[in-house]
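A.B. asks: Pasting a structure here, questions to come.
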Amino acid sequence: MAAAKWLIASLAFASSGLAFTPEDFISAPRRGEAIPDPKGELAVFHVSKYNFDKKDRPSGWNLLNLKNGDISVLTTDSDVSEITWLGDGTKVVYVNGTDSVEGGVGIWISDAKNFGNAYKAGSVNGAFSGLKLAKAGDKINFVGYGQSTTKGDLYNEAAAKEAVSSARIYDGLFVRHWDTYVGTQFNAVFSGSLTKNGDKYSFDGKLKNLVQPVKYAESPYPPFGGSGDYDLSSDGKTVAFMSKAPELPKANLTTSYIFLVPHDGSRVAEPINKRNGPRTPQGIEGASSSPVFSPDGKRIAYLQMATKNYESDRRVIHIAEVGSNKPVQRIASSWDRSPEAVKWSSDGRTLYVTAEDHATGKLFTLPADARDNHKPSVVKHDGSVSSFYFIGSSKSVLISGNSLWSNALYQVATPGRPNRKLFYANEHDPELKGLGPKDIEPLWVDGARTKIHSWIVKPTGFDKNKVYPLAFLIHGGPQGSWGDSWSTRWNPRVWADQGYVVVAPNPTGSTGFGQKLTDDITNDWGGAPYKDLVKIWEHVRDHIKYIDTDNGIAAGASFGGFMVNWIQGQDLGRKFKALVSHDGTFVGSSKIGTDELFFIEHDFNGTFFEARQNYDRWDCSKPELVAKWSTPQLVIHNDSDFRLSVAEGVGLFNVLQEKGIPSRFLNFPDETHWVTKPENSLVWHQQVLGWINKWSGINKSNPKSIKLSDCPIEVIDHEAHSYFDY
């Protein structure tokens, strides 16, 4: 057990330590959502921790006491990929990634308080996850998902025959999606049953593919779909799943449906909200999500957008009666927030939903029959909600969340009452020592069209009488936000503790401040958002005396990377000592190489060939803009980023080099739009922070700050001089 002490949070901090470093950030324990047992006594959650010395990330599962917040170890077996409660909560079902079937997984059942007392119920012949269970007579029906072959079988990569050629042949889109070339396999929801034999359950290995009979359907939908894309009714008889509209071009439209199908697959799944269908509200043809059955299984709630090619449209709650032809009802449809998840109370009368509101992921409640103009009520909690589960049959929920100052917040929330803290990681993990809400504050500034929100993040040991260089961080999306939440990639506190004050703006295009602000970036990427950023920068310069804008830096990823490239060619670009652009577009016309065409065709008001002027308007490579470039810039782009090609980053670096501007190109051949592998993440931080520290002067003022020379990777430089030295 000694080797797994990290599984249980430390009771006290070490007596001394450095500020929050990239090593602390990457190696801090990472905890998953806490799922309570049916009695409301314990919750189980996954935890892992990266070890830089051993270059591995062992993991395990813990139990959280819901009365006092105490944590105990359930298992240290890293092969246990997921756990769910069985029956009254005295037992658990878990999936083990090692199995006698090569490439398959085992389904095991164990006592919740004696994990070693486990038995194997059966094997699944392929990768399988996302278990959901429901009692059905003397059986336990379940659903989960895996990859399907074209014939409908569960795909087993280990058993697959090696192709005679590496060729890929396409007659339609997608060719690539996010980080993967699309193949013949696709995601599908499968159903099965655990049969009781005496006091044990067994699984015969038989699964029914519920998705494959619907041609061109796929669920969960990649790249981010998971178990939230489907649900199993409480009686175990009916399954709901979300799929993009099978009859429509998936790369061009976001339309998706909620399908209903018997658990045994005896009928082909049918959509309840088909576009222009008899039950579907008029004009509603956008993306659907989060299907969930009412406790009695007679109704199903889900979320849906209206617009068919807009991934950031406002979601509205919908409720449909199961087995009925009655029209689908829209709930609180005038609420100017976009719900992200929905659940029913145990009596089926109240809906609990999460939604982003003013840069915080909040929990709300509303009646299940709420009228259009109803405004949901906020449930008090700290930080942002990642997930929530009801505690027994009560109105209280167990919230798993995080914030800008802690990567795990477990708390109990009850409508109309103060929240009750169970476990906050920053109060226990040595790596997070000193982090807290005291160093975070909001900033509101008059922007181009309305007031714009930003977060100010201060370093450990902040002194208002001192001056700190500005780190101006621009979020991606563009329909996204800097929220009061923890990022495992771009974490403002890591930047601040190099010796900066971070300002993280939420300009035009950001989510959580009303749909108009989100929509207003359409065909205006370099317009209002840029003006917002200028006004925020000017406000900081003129009114916040502890921030040094003369030695500030700007950095961003994705849309934030585009904005940094845009800023390089604008007056604001001359105000920074250094720039960092991660996976940002450079040449306007290159956007046609992206994967999800609906994204660019919405944001630029037309197709690449019919509205070319809109794509060209915000082209960072225009000669008149490039002529203004002079600020040192770090460019980052990865080979498996299929949102926008690595050629974008290479082209940007080429121009910087030919212009003789101090610049560096950082590339990870095994990373995507994001950098997620621990050792790569450390190098990323060493390069990014080392770059800005060099040009901002932090290396001189803070001897402990990261330097470019701290990175062990050899720099490739085959040229002794710049092109313009000759």
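Just so you know, glycine gets a Cβ as well, placed from its N, Cα and C.
Okay, these came from Swiss-Prot:
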type     : residues : note
SIGNAL   : 1-19     : signal peptide
CARBOHYD : ASN96    : N-linked glycosylation site
CARBOHYD : ASN252   : N-linked glycosylation site
REGION   : 269-291  : region 'Disordered'
ACT_SITE : SER558   : active site, charge relay system
CARBOHYD : ASN605   : N-linked glycosylation site
CARBOHYD : ASN638   : N-linked glycosylation site
ACT_SITE : ASP641   : active site, charge relay system
ACT_SITE : HIS673   : active site, charge relay system
CARBOHYD : ASN699   : N-linked glycosylation site
A.B. asks: Could you measure between ASN699 (N-linked glycosylation site) and HIS673 (active site, charge relay system) for me? Cα positions, answer in whole angstrom.
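C.D. replies: Between the alpha carbons of ASN699 (N-linked glycosylation site) and HIS673 (active site, charge relay system) there are 29 Å.
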A.B. asks: Can you count helix, strand and coil residues in the region 'Disordered' (269-291) using DSSP?
C.D. replies: 0 helix, 6 strand, 17 coil
A.B. asks: Nearest by CA distance to ASN605 (N-linked glycosylation site): which of the active-site residues is it, out of SER558, ASP641, HIS673?
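C.D. replies: Minimum Cα distance from ASN605 (N-linked glycosylation site) across SER558, ASP641, HIS673 lands on SER558.
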A.B. asks: If we check Cα distances from SER558 (active site, charge relay system), which of the recorded positions ASN96, ASN252, ASN638, ASP641, HIS673 wins as closest?
C.D. replies: HIS673
A.B. asks: Let me check the 10 A CB neighbour count of ASP641 (active site, charge relay system). How many other CB atoms are there?
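C.D. replies: Total other Cβ atoms inside 10 Å, all chains included: 22.
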A.B. asks: Among the recorded positions ASN96, ASN252, HIS673, report those whose Cα falls within 10 Å of that of ASN638 (N-linked glycosylation site); none is a fine answer.
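C.D. replies: For ASN638 (N-linked glycosylation site), the recorded positions whose Cα atoms are within 10 Å come to HIS673.
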A.B. asks: Looking at the glycosylation sites ASN96, ASN638, which one has the fewest other Cβ atoms within 10 Å of its own Cβ?
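C.D. replies: Each of the glycosylation sites ASN96, ASN638 was scored by Cβ atoms within 10 Å; lowest is ASN96.
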A.B. asks: Which recorded positions (ASN96, ASN252, HIS673) fall within 10 Å of ASP641 (active site, charge relay system) by Cα distance?
C.D. replies: HIS673
A.B. asks: When DSSP is mapped onto helix/strand/coil, what comes out for ASN96 (N-linked glycosylation site)?
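C.D. replies: Reduced to three states, the DSSP call for ASN96 (N-linked glycosylation site) is strand.
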A.B. asks: Below 8 Å Cβ to Cβ and six or more residues apart, same chain only. Which residues does that give for ASN252 (N-linked glycosylation site)?
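C.D. replies: ASN252 (N-linked glycosylation site) has long-range Cβ partners LEU173, ASN309, LEU597, PHE598, GLU601.
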A.B. asks: I'd like to know which of these recorded positions, SER558, ASN605, ASN699, is least surrounded, judged by other CB atoms within 10 A.
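C.D. replies: Sparsest of the recorded positions SER558, ASN605, ASN699 by Cβ contacts within 10 Å: ASN605.
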A.B. asks: Taking only the Cα atoms, work out how far ASN96 (N-linked glycosylation site) lies from HIS673 (active site, charge relay system), in Å, as a whole number.
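C.D. replies: Roughly 30 Å, rounded to the nearest whole number.
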